[in-house]
Amino acid sequence: MSQLKFSTLALALASAFSATVVQAQTEPTDILERITITGEYRATTIDETPTSVTAIVNAEFTERGASHLEDVLNKLPNVNFSGGSSRARFIQIRGIGERSQFVDPINPSVGLLIDGINYSGLGQAAQLFDISQVEVYRGPQSGRFGADGLAGMIVLESTRAQAEFSGLWHLGIGNYGERQGGLALGGELGAFGTARFSVYQQRSDGFTENVYLQRDDTQSRSERMARLNVFSDLAENWDLQTTVHALSQDNGYDAFSLDNTRQTLSDEPGEDDLSSFAARTALTYTGFESSEWLVSYSYLDADSIYSYDEDWSFVGIAPGWEYSSFDSYQRDRQDHTLELRGLSTQPVQWLGAEHDWVVGLYRYQRDERLQRDFFNFDLGSQDRFLSDYDNRHLAVYGELSSFLNRDWTLTTGLRGERYDNPYTDSNGVTEEPNDTMWGGRLSLSYQGQAGHLYYATVARGYKPGGVNGEALGKAQDPSLTELREFLQAQSTFAPELLTSLELGHKWASADGAMALRSALFVQARDDVQLKGWINRDQSFVGYLQNAASGSVSGVEVEWDYQWTEAANWFATLAWLDTEIDGFVTEDGIDMTGRDQAHAPNYQANVGLRYDISDAVTAVVQVDAKDGYYYSDSHFSRAEAVELLHARIDWRVGGWNLSAWARNLTDETYGIRGFFFGNDPRIEYAARTYEQFGEPRRFGFTARYAF
């Protein structure tokens, strides 16, 4: 971090916290909003939840000119993401999470729910238009969300329909050919209840210039989505919620350059496409005196294409040394989720205390088909690889909240889950990983002081094991004979377990002007699933293997202060310490004691909202992130970065006119990195190659609410 940038950040932090001391006794006219979160079994406020969770509301999206989840992730403490795609598909929480997917199926460590539909592993679907709130749960969440919640969970909720008719127009333009348009409508539908419909489209040229093809749109984005939510009162005590999603993403993928710049040399740029349809129905019965029951079913059909120019160059760049190859992965995924849940609506008396309870049964099925078209260097010709992966999960869960007295609450949750995941492919590999896992949480919270919550939570998360189909197939490769035994030993990998102890404090002032949330945590990882790579000439083999263990510890702080009627300070700070134990790469390097990949030691977001007048508001904020390793199997690193963002809004009648900018100082920073040889001009000497985050962005939006 440069001295100037560090001083700027330090000054902003000092000013913010000095304001707390000086102005704490000033009672402002405006107070902070009490945020209700929906990711728990019961809707509750964020300050009553005994876990580290952040909720970002719609107004905070617009402050950053955000159209996709990736645009707000740097605002969140101990949350990171990886590139390697046109959109941030993979997210890491507290240093844990996948960074890519190529041949083999994956089991996400960080789950994603949008309107109750499981989009885990499809982060590119997280468009933010007409999303009312994003909730980010940090730490093991398997007791609530199952196998996709090892490291945490991200929950997106659409704006809920109201009985009164309302709507929103959105139009936007920006640099790099950015164009946006959106419409949301909601209101009463007579006998059908209330509904909210939204549609949105976005296009841009992307941030890459392909100097060989003389094009500036090989990393372009063309994205469309539509969402419908209907809330119906079918009869007395019967409620039905129906959700339908459709999304189409036709994006280019041309991110890596042999020169490590935004100027690429590829003659066959790739694509990063997603076409999905999803639906969910949730039927609730409230006719029992002390409980209500919900049965829900959701379906997701997602077809994706991920392809790229493997040599990142053109024919003729280095005659005699060059190679030419194009790699394409076409995946067809279908999900079916069925859940039955009952929960108390009145506390039950037992052993001298009152208790709230939840019980449930969960069934999840995912069928994934892969067709890979690639150049087979052993055959010297194009080749095709096919695989089928069937993911079957059955779980039973329960949670008991015991109100020991007026101040103390003990929450005990447990989930048992069985998976059976048969896998077959065109190389003749047949495996059927299966196991039984359990997770949950034990949380003790204290609310003896008004506005304060103190809690201690022990949680256990899990994720399934799986199969390394690519490694098994490559074991028969004539060019990898010396690695045959090693590859065969990587046939499968075991489930990973994560145990966490978290101590937290949440406080809101009596006048609602200030809120402070903090969490201190330690986490122990067992049978850590880490990605390893073998690189021989132009042959790459990826596989997952279990390291002995890993450790994670850190702190998360969120602070919000309505300093005066016009000024609002906000800040998030995070510190993270991670360590790998018992992981040795294929070429014999022992990574024991090293930080985990994509786990920056510190992160921060500091900003100020200021009402210049009744009609004009300005927002300035800074993101700061430490450097981090790109991979667990090599030592290339992203550099630390500080990003400055600003926005100004003019409100006229129902109109909101805005000018926004992200990365105002036009920093160049990495979001994905590899270490290998791919440049024939230097005889394939190994070096670090990076994909860069977005450059300086600016634009204008017009929104009309009616």
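Cβ coordinates come from backbone N, Cα and C, glycine included.
When TrEMBL is compared with the stretches 275-292, 455-472, 617-634, 689-706, the one noted as motif 'TonB C-terminal box' is 689-706. Sequence-remote contacts of a segment are chain residues at least 6 beyond its ends whose Cβ falls under 8 Å from one of its Cβ atoms, and for the motif 'TonB C-terminal box' (689-706) they are 62, 65, 83-84, 166-176, 178, 180, 207, 255-258, 260, 262, 630, 638, 641, 654-666, 668-676, 678. Across the range of the motif 'TonB C-terminal box' (689-706), the DSSP-based residue counts are 0 helix, 13 strand, 5 coil. The predicted model assigns the domain 'TonB-dependent receptor plug' (47-152) a mean pLDDT of 96.
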